[in-house]
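**Q** Quick one: the structure is below, and I'll ask about it shortly.
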There are 6 protein chains.
Amino acid sequence: MRPSRRAPDELRAVSLERGVVKYAEGSCMVKFGDTHVLVTATLEERLPPWLKGQGRGWVTAEYGMLPRATLERTRREAASGKQGGRTVEIQRLIGRSLRAAVDLEALGERQITIDCDVIQADGGTRTASITGAWVALADCISWMKNRNMFKNGGGNVLRDNIAAISCGIYQDTPVLDLDYAEDSEADTDANFVMTGDGRIIEVQGTAEKTPFTQDEFLKLMALAQKGVGRLVELQKMAIA
Amino acid sequence: MRPSRRAPDELRAVSLERGVVKYAEGSCMVKFGDTHVLVTATLEERLPPWLKGQGRGWVTAEYGMLPRATLERTRREAASGKQGGRTVEIQRLIGRSLRAAVDLEALGERQITIDCDVIQADGGTRTASITGAWVALADCISWMKNRNMFKNGGGNVLRDNIAAISCGIYQDTPVLDLDYAEDSEADTDANFVMTGDGRIIEVQGTAEKTPFTQDEFLKLMALAQKGVGRLVELQKMAIA
Amino acid sequence: MRPSRRAPDELRAVSLERGVVKYAEGSCMVKFGDTHVLVTATLEERLPPWLKGQGRGWVTAEYGMLPRATLERTRREAASGKQGGRTVEIQRLIGRSLRAAVDLEALGERQITIDCDVIQADGGTRTASITGAWVALADCISWMKNRNMFKNGGGNVLRDNIAAISCGIYQDTPVLDLDYAEDSEADTDANFVMTGDGRIIEVQGTAEKTPFTQDEFLKLMALAQKGVGRLVELQKMAIA
Amino acid sequence: MRPSRRAPDELRAVSLERGVVKYAEGSCMVKFGDTHVLVTATLEERLPPWLKGQGRGWVTAEYGMLPRATLERTRREAASGKQGGRTVEIQRLIGRSLRAAVDLEALGERQITIDCDVIQADGGTRTASITGAWVALADCISWMKNRNMFKNGGGNVLRDNIAAISCGIYQDTPVLDLDYAEDSEADTDANFVMTGDGRIIEVQGTAEKTPFTQDEFLKLMALAQKGVGRLVELQKMAIA
Amino acid sequence: MRPSRRAPDELRAVSLERGVVKYAEGSCMVKFGDTHVLVTATLEERLPPWLKGQGRGWVTAEYGMLPRATLERTRREAASGKQGGRTVEIQRLIGRSLRAAVDLEALGERQITIDCDVIQADGGTRTASITGAWVALADCISWMKNRNMFKNGGGNVLRDNIAAISCGIYQDTPVLDLDYAEDSEADTDANFVMTGDGRIIEVQGTAEKTPFTQDEFLKLMALAQKGVGRLVELQKMAIA
Amino acid sequence: MRPSRRAPDELRAVSLERGVVKYAEGSCMVKFGDTHVLVTATLEERLPPWLKGQGRGWVTAEYGMLPRATLERTRREAASGKQGGRTVEIQRLIGRSLRAAVDLEALGERQITIDCDVIQADGGTRTASITGAWVALADCISWMKNRNMFKNGGGNVLRDNIAAISCGIYQDTPVLDLDYAEDSEADTDANFVMTGDGRIIEVQGTAEKTPFTQDEFLKLMALAQKGVGRLVELQKMAIA
């Protein structure tokens, strides 16, 4: 029995609310149960120096947690003077994942910056961030289409839906979408970033206590494919 | 005529929503029109080293803006590796203001940290922060009372209501609660932190273009007393 | 009775010595009693990037304290790797105050940097800094006039005298120009930056212990007007 | 045909040289072809503050590259004042992987720090680091056993061999142990950390260009199991 | 002919003014011509952690330049967030030199911190700093003697006078005490820290353009011995 | 008797191995006994901003130690966020020393960066670094000559051999090339950077315990000339 009484293959209640801040070209408040992340997409007509003049754009991401998003207050990274290792790792994952969804040549020499700020954390902040970031990104690209910023209409800029979900082995049972209570006890923890048709963008699996087998990993992957399928449906409804 | 068509002595629509995050001992989403700040109050049973063993507690504050709270994206302070001068100045003001509302001896050897994170900025983020922070602080102290953490019940810990508002001279007219459109054009800009009965905790006035007279300043102060009076009413309704 | 035996409306002995370092375009050693600040004004024919090409110049300030300017040694900010919150707050105030005295268009696309380094601190370092900085700034602008650096002679660059003084309520009496002994005990502490004719550039008042009333504040402002009037006389004598 | 003319399931020439520096409790120069990493293991009788008094030890890792380990010189992280995102991500992976091999309770309240410094980089520095780090770690634990530092002899401290290898899809063919020439062209890149019997400690797979399927991923995993099997043989020979 | 018309073995006008700030246990404004350095000595009853409990004290030094001590404004190190290489090198030299003059066991478990802040720089700031620092240090130790802080009176704490001077080869002539005009043109530049009787504490010689011979170096050393002899006389007069 | 049983004027076993990493334009693994330093020379067709357009190039150096190069692990400077004072001092010395060997005008508008990374430290890391760096630099310049990068063949770019050695007074005897056991006990410690014919580039001598006399210093210098003479022979053999 999961602490939340969910079935092993059951997602938490997921919501994707668009347009939650007024300035950003795209934004989304994504909730996976009690995990709430505010995502914005910012378009800028400039590129990092190492990318200039190559005829293609860039998508990058930054991640942060409000100090009291967590059970105990976490030190504010702006005050401690640097981003921690976990933050760096997560924002690199988000950026990589979203770039896989975008045709950077079609985007043109511009940068889209995704900001994921965790308002409340109950496990799965990186997967919620990626799932919500896709919605903010899609809105940003729509915003650009509406302003005729693409030569050929921009239909090809966003190649596919991208969503992410965690899975793990909790009390010997493979389960989908771990919350904090499960995550802190799980034996194995894996995050999957996938397209709507179940192909893999990124997979990260970690044995928290004992090594896992290939067979266990396949069970987690099957759960993830189911979960991502559902998340992509929700993304499509959100932007419809 | 103000850009927002408000009367000179009219506040923006103000809301103070409590309990907006689940972990914090107190929290408040404060909105002054399109300025939205999420405030949390965190209780910790420890003190900064220089305060230990003196028989009194401490209230401190940190302030931040989400990168896309603003019209153009602002660089994330955690990424740039330090808090900017404006941030430092504002969080010191918030902390000083709230300490004026608290009997630190009655609080006991504990620290309450107020985090003010600006979700959307349309002028007046520091005054909204202080006004909302008082609500989060009041809830934190209630939380402590409910757990019998004060010797004598804690009735005397929070001495008074504290709220803050900005005033300025916009097109030769003293106006209350400047939004960004006014703030960027105003001749004089003043922030008042006051108690419910109109006494002053902190006042900061700046001539943006031409020096102002004592008489002009008194007109701003009168507006502020009216505005703070209304904000304190709203605080009282919020925690009722 | 004030610890220094001064009358409530009496300044400390003030001196403004010009030309104290040989390289700077303007310099002033300002003393308010035992508070000694070395101020220099540096002219540079370049601007911060965000100001370029707008046809106007900039005045900015930096503030620092020698480690042993204080009763106990303060850690050197260069060694700790960042400027503290108090430093940032003060240097922003000095910069804002002086910009109010200068016609930035008439200055042209140049930057004047004011450095205020506290040699000895006995209260009121920010007000002494501003008062002395005006003298260094005036000398810097004279230096420029002597080299015909202004189209129309530069008579209009420096608009007005600017000086600053602190006031406070010490043992229930409003007093002018607090030294450290008073400052650490005062109930209310306010800093005023004013022009020679008593108009206000910046005012900052803080209730250290109990909130103050509008009436008390007006008494402090009246003292400040008197004090600034005297400081402006001294400035005029210094540059004569 | 691979640029190095290796078979798809062929490792580069691997060597694991022990005892390469004289002070460290364990050390290993690991070479995967032209990728050379110097690994040291340092035993210290102290723990990070958050781990003290819990009756167990810690294994952590730091990673760095000499500036000219790469084709073009990379800026020295000590000079730029912070470790980059890639460095942070890799050193966290190394630490997690090695902790999976160690019984931290049996280790006792001590810390072993693994330093992986890349002397020359030709792809696969993180997998070479982990593989060599296991050897340095094993020598460090032997060093401790020889000094009777474990209550029960220490036979159970090191639970299993751990090695790591990368795989990728290069020109539509799944290949083992990518060198830089392959890595920069590969479609999919995955790193596997495994035990000697093929169970998984950590897996990270990234679609560099197009998403990959579950079937492709399984082919990479099979290659990895073969490669890690061979690396574990080499580890056993090295410490024999 | 030297730019200053001095004889080759002639010092600039040197002055050593004691007691220039009111809080420090020792202080000295040292002037070597237009090079002016304010030195303070601070006594603290605490030691850096690595020195505690060893029965001896420590003398350390910090060095800084006011931004406009130089012909062109130098960036403030507190603002740039770190001390530059030259600063670090100089303050280490000052600290080493002064420790050579002090019996650290006799000092007891205390730290004296020497702060050297350059008010105006015209060459030779490090040698002026050391020469003035000895005076501030001597005053600090006298201050301690007057308060009976040493077991046996403290007569043995300060072992010897220490002073420093630069020499160089300017237009093929060895000259003493280079000012900036000479320093920037000199072929060889050497700094000598010596005791009153001509023994050497520290010597640093650098060939700025062409390597120098042993014979040339001996000529510089002879000049230095003469110069330090005179500086030590001045120190003795200053503290008499 | 020296701990290593060497004669007073005997160097440790010295080796200079070229071409130790495959990417650098020049490289050298230099060993002075158990002190091992990996040096690389990197050519870049760009200059620091302050040197651009002056018709000459630059040689600079960076220095680092692997964390476990030392008896006890030293904190990684990249992790602590800044280079320590000793590191800064040494890398400035290496850069200055090598610039003395190079005709910067003949080099042209390019920069050569020398990286000295200490693999194992047993005293004398700075002198070994300089001696090895000359070899890496010579190879880098040969690499450029082979590619016809100099107008006139480049025969004049490298002016002379440069090598460095330490000397000290150990148990009242002047000795050459101190190892760590001697260095930590020596009374006087001096580092000499010299050309092959015994002229001096840089000399730094420090009295660790008691001041030394001119006569003692001359004995150290004579030892150094002998030692550098031998090192230069070895350099010539290495690049032959």
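All positions are counted from 1 along the displayed chain.
Every residue, even glycine, has its Cβ placed from backbone N, Cα and C.
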**Q** Given that TrEMBL assigns A:Gly124, A:Thr125, A:Arg126 to the phosphate site, pick the one from A:Arg73, A:Arg75, A:Arg76, A:Arg86 that the record assigns to that site as well.
**A** A:Arg86
**Q** By a simple count, how many Cβ atoms lie within 10 Å of the Cβ of A:Arg86 (phosphate binding site), its own Cβ left out?
**A** 15
**Q** Which residues, same chain and not among A:Arg86, A:Gly124, A:Thr125, A:Arg126, have a CB within 8 angstroms of the centroid of the CB atoms at the recorded phosphate site?
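**A** Result: A:Ile90, A:Val118, A:Ala121, A:Gly123, A:Thr127, A:Ala128, A:Ser129.
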**Q** Could you give the number of helix, strand and coil residues in the domain 'Exoribonuclease phosphorolytic' (A:10-140) as assigned by DSSP?
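**A** Across the domain 'Exoribonuclease phosphorolytic' (A:10-140), the residues distribute as 45 helix, 41 strand, 45 coil.
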**Q** When you measure from the Cβ of A:Thr125 (phosphate binding site), how many other Cβ atoms are you left with inside 10 Å?
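**A** If we count other Cβ atoms within 10 Å of A:Thr125 (phosphate binding site), we arrive at 26.
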**Q** List the same-chain residues at least 6 positions away in sequence whose Cβ sits under 8 Å from the Cβ of A:Gly124 (phosphate binding site), in sequence order, or say none.
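**A** Set apart from A:Gly124 (phosphate binding site) by at least 6 residues yet with Cβ under 8 Å, we have A:Phe32, A:Thr35, A:Ile165, A:Ser166, A:Asp177, A:Leu178, A:Asp179, A:Asp183.
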**Q** Using DSSP, what's the helix, strand and coil tally for the domain 'Exoribonuclease phosphorolytic' (A:161-227)?
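**A** Helix, strand, coil within the domain 'Exoribonuclease phosphorolytic' (A:161-227): 18 helix, 30 strand, 19 coil.
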**Q** Within 10 Å of the Cβ of A:Arg126 (phosphate binding site), how many other Cβ atoms can you find? Include all protein chains, please.
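**A** Other Cβ atoms found within 10 Å: 24.
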**Q** Compare all C-alpha positions of A:Arg86, A:Gly124, A:Thr125, A:Arg126, the record's phosphate binders, and send over the largest distance in angstrom.
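**A** Max span of the phosphate binding residues, Cα based, is 13 Å.
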**Q** How does the model score the domain 'Exoribonuclease phosphorolytic' (A:161-227) in terms of mean pLDDT?
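**A** Across the residues of the domain 'Exoribonuclease phosphorolytic' (A:161-227) the model's pLDDT averages 94 on the 0 to 100 scale.
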